[in-house]
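Student: Handing you this structure, nothing more for now.
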Amino acid sequence: MLCDAHTHIETQAQVSSYARQNIFCVASGGTPDECADLLALRGAYGGMSVSFGLHPWYADRYSLEQMEPYLCKASIIGEIGLDSVWCQVDPGRQREIFLRQLDFAQQRRLPVILHTKGCEQECAALLSRYTMPKVIHWYSCEHHLEHFLEQDCYFTIGPSVRQDPNVLAVAERAPLRRLLVETDGLSGIRWALGRDLTTRHLGAVLRSSIEAIAALRGLTPAEVEKLVFDNYSSLFTRGLPQSPAANHGV
Ligand SMILES: [Zn+2]
């Protein structure tokens, strides 16, 4: 059973595609509008979980009070974090929003999905104060991986695992019981692979990452698929249905 531990979903057609391919997924809402859209879409597919958190790119456009109704509905918080590469948002504002959301998750013992782009060292230092389950999303920094390994973090391996030696290093070094795979949605796949794939290819993209991990770790793809599923199940869900398509009509 395939699991996409971090994705972005915008349409009913994308939800249906996950359902048709029997792929469990965690879809992330990074703004109040995205969260509202995901709540409307979620009911259609029992295998879809949601994670909510004000994304660092939007930390200056929304208040945390605007996000709060959605945070209160979430059983997974994220993606949250810091970014000094892909956005111009004031670092102090990013840090304030990040820390308040970490406090929220810690109080409720909720897992967090983390965006660390360009701020890996600072994120590791801030995270070391917290004990909730931490999921490092598509880590691709050449440095500082050991600080996240020390904290027993989970890692979602991104679709660039075959192209990016830094992603490969994560797939090689993360404990097997902490490995997950992700697509980051269609835009993430496009960015990583430079090809305009459609939702029909979601399963193939995840399988390709699983095969790359299997080759690195001396396991079969079936063994890696099973351990990734077990990690996903124990981390994100309580009482998954037998099949993600079993309890709905998509
Ligand atoms: Zn993402």
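Glycine is no exception: its Cβ is also placed from the backbone N, Cα and C atoms.
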Student: For the divalent metal cation 1 site that TrEMBL assigns to H6, H8, E79, which of the candidates D184, D196, D230 is also assigned?
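Tutor: Of D184, D196, D230, D184 joins H6, H8, E79 in the divalent metal cation 1 site that TrEMBL records.
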Student: Once near-sequence residues are set aside, which residues in the chain of H6 (divalent metal cation 1 binding site), 6 or more away, have Cβ atoms under 8 Å from its Cβ?
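Tutor: Spatial neighbours, sequence-distant, of H6 (divalent metal cation 1 binding site): V26, S28, S51, G78, E79, I113, V135, H137, W138, T156, L180, E182, T183, D184.
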Student: What is the interatomic distance between the Cα atoms of H8 (divalent metal cation 1 binding site) and H115 (divalent metal cation 2 binding site), given in whole Å?
Tutor: 14
Student: For H115 (divalent metal cation 2 binding site), what is the secondary structure state per DSSP, taken as helix, strand or coil?
Tutor: strand
Student: Taking only the binding-site residues E79, H115, D184, which have a CB closer than 6 angstroms to any atom that belongs to ligand 1?
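Tutor: Among the binding-site residues listed, those whose Cβ sits under 6 Å from ligand 1 are E79, D184.
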